Amino acid sequence: MIMKGGNTSLTVTQALKDLYSLKKPNAVLYKKKNITRPFEDSTSLEFFSKKTDSSLFLFGSHNKKRPNNLIFGRLFDFHVLDMIELGIEKYVSLSDIKASKCPEGTKPMLVFAGEAFDIDNEHKRLKSLLIDFFRGPTVPAVRLAGLEHVLNFTALDGKIFMRSYRCLLKKSGCRTPRIELEEIGPSFDLVLRRTHLASDDLYKLAHRQPKALKPKKKKNISHDAFGTKLGRVHMQKQDLSKLHTRKMKGLRKRRGAVVDGEQGGQEPKVAKVES
Amino acid sequence: MAACSVEELLAKAEQDEAEKLRSVTVHKELDLEFDVGNLLACDKNRIESRDLGGQRRDDFLQSLARDNTQLLVNEIWKQPTERVEEAIVAKLPEPTTPLPREKPPPKRKPPTKWEQFAKLKGIQKKKKTNLVWDENAKEWKRRWGYQRARDDTKDWLVEVPETADPNEDQFAKRVKAKKERVAKNELNRLRNIARAQKIKVPGVGLTPVAQQSKDDLSRAVSVAKHSTASVGMFQDRLPKEKPPKNTGKRRKFGPLIGDFSSERQKQLELLKIMDSKRPKLDITKAVNKQMREEDREEAAASARRERESLEESLAPVCKCQIFKMQRIYMHSHEHFEVFTTVLAPQGRYRYRAGAEKMVVVHSYRPHWPDELELSLGDVILVLSKHEEERWFGRRQHGQQGYFPASCVMELSQQKSLQTGGVGFLELDPDWRLKVWMCQPLLI
């Protein structure tokens with residue numbers, strides 16, 4: 001859900017509108033202003049989230065101290081989990097860039113660049129928050145021709161640059177196409193301000209998956225040290241004397257001569273299956 | 001001229017080919033991390049800050065983006081594809097980045113009645129085979145359901161058992177039994193649902209049964225009364241209708257022998273309770289027991305007291321109540337102590353004003369059912385003398401009844417026979433009077 005604070009500037013409203021259009025079917029943009037401060041009091045946020053049953057929010061406001069403020073946040077069980085405040089330094093809106101846009105509701109490809117996203121804790125949380133925000137619904141399969149939208153986030157020196165492109169798949173010699181990018185969409189130059197991150201155990205609690213979602217272990221399959229896949233086959237009791245094996249004429253019992261019996265068949269229990 | 005142009009053309013074509021092949025590859029110092037399920041690519045390579053300064057910034061960012069996107073697309077194109085309605089669709093794997101959930105995972109359902117029972121009894125879930133060998137049809141058939149293996153309703157020949165009525169239709173009987181089982185199963189299923197959703201359901205007695213006893217009918221009537229009540233007003237009872245009996249919980253009395261497992265269970269539980277460290281304390285029982293003991297002691301003590309008081313005064317002791325706080329139980333760990341107010345001998349030991357103790361001097365056999373049998377030497381506590389000749393009294397055992405006044409004599413009267421000398425009458429535990437005479441003591 002996207003909402004406005006007590007006072008908003010033109011940039012902030014435009015930015016909120018653009019981001020709303022990016023997330024079109026799965027977002028709700030509130031027109032009225034809510035005079036709350038998320039970092040101090042999050043009850044109204046929780047109330048709204050319960051009403052709309054949404055766990056991600058974007059709050060835009062503007063004061064003298066924090067001009068052009070955007071607060072990205074998410075909730076767990078209708079209580080605030082993380083909140084990160086970003087300030088807009090430079091903003092180019094959707095309407096300013098003249099290019100044909102891609103249709104609404106396409107699942108965008110996300111690209112994160114910069115080592116800060118892996119080193120700094122706050123940036124890590126920001127990265128996971130942005131992924132959550134922009135990734136769209138999880139689908140089992142995607143149409144290859146429909147991969148049009150790309151969102152690019154680059155982090156450097158506490159600043160985050162967000163660009164949005166449309167990718168054109170050009171013919172190349174081989175199966176994979178060559179990508180050409182064309183800038184559409186809003187471009188933000190953001191600076192990281194305050195953060196309100198969840199404690200470690202709350203974060204862990206939020207990640208708990210129910211047992212049913214865990215991938216089921218396949219029985220009777222094991223991997224040994226070399227990486228070969230071994231399987232077990234369980235057989236019923238076999239009468240080894242009645243097994244049909246290859247008959248080696250030379251090994252047959254001769255009249256009078258005592259020769260060792262035929263070789264037994266395969267071992268009943270373990271069969272090696274190389275993969 | 002043409003030759004060099006052909007060569008040029010060939011060279012150019014080759015160059016183009018090479019370019020095309022190169023165009024899909026991107027060189028990076030560090031490999032990117034991909035999460036194809038989320039269509040995500042993470043680039044960890046260093047970015048020089050001088051690249052991002054000034055106007056060149058956007059171009060640099062675009063080229064960086066293009067490279068990373070190319071790599072991501074290469075990864076996506078590696079996924080297995082299939083054709084779905086004229087579009088080529090790539091199957092995405094599960095997303096690998098761990099993201100927090102929106103809501104906590106749902107709680108487990110409470111175990112059903114069967115699950116609780118199975119856990120209690122230690123019944124394991126055994127997987128049964130789907131098919132069973134049917135001897136008659138000589139093939140593998142289902143264990144239950146349509147065309148099952150042992151379907152007794154489909155037998156073409158049924159032996160009539162010796163104890164059965166020869167005119168009874170055995171086939172119809174089997175079909176009917178099957179129907180009843182189905183109905184019972186359905187009822188149990190619905191009842192389970194009702195229990196799971198906490199909806200009230202009428203009890204056992206109301207299932208349709210062939211022969212309904214008076215009991216069942218009365219229960220049905222009471223349930224109907226409850227269900228037709230509206231705004232707290234119940235239907236009026238019919239003139240001769242009796243109020244329903246046994247509404248509420250009923251105790252179960254099982255057979256004495258036969259169920260060894262349950263008996264064993266009970267015994268083991270008992271041992272467990274005895275074994276456990278916390279003693280089972282039934283406060284009321286303990287209090288009552290202590291009170292009884294106290295009463296007995298009091299009785300003995302008062303008897304002795306009475307003996308002594310006979311010397312001085314004939315007037316019976318007035319009703320007195322001795323209050324004392326007695327510590328009757330202390331827990332082994334001194335966690336709590338139970339005190340009780342112990343009253344002086346009550347009930348049968350209470351001295352009523354005017355009640356006298358008399359001794360029987362003539363045995364008496366009762367003529368009427370409400371009369372008391374008297375034997376020589378008994379001490380009777382006379383409770384009332386409503387009539388001149390017929391008194392009401394109580395014996396030591398608590399037996400009460402009427403008796404003629406001539407059979408008893410006051411103790412004091414006996415005593416007045418003695419002169420001087422100290423003599424005392426001892427009341428031994430049997431309440432029989434023993435007369436001791438002794439010489440006066442010279443002090």
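Using the three backbone atoms N, Cα and C, a Cβ is placed for every residue, glycine included.
Between the listed ranges B:237-257, B:384-404, TrEMBL ties the annotation region 'Disordered' to B:237-257. Taken together, the residues of the domain 'SH3' (B:353-413) have an average pLDDT of 78. Secondary structure by DSSP for the domain 'SH3' (B:353-413): 6 helix, 27 strand, 28 coil. With DSSP classes pooled into helix, strand and coil, the tally for the region 'Disordered' (B:92-112) is 0 helix, 0 strand, 21 coil.
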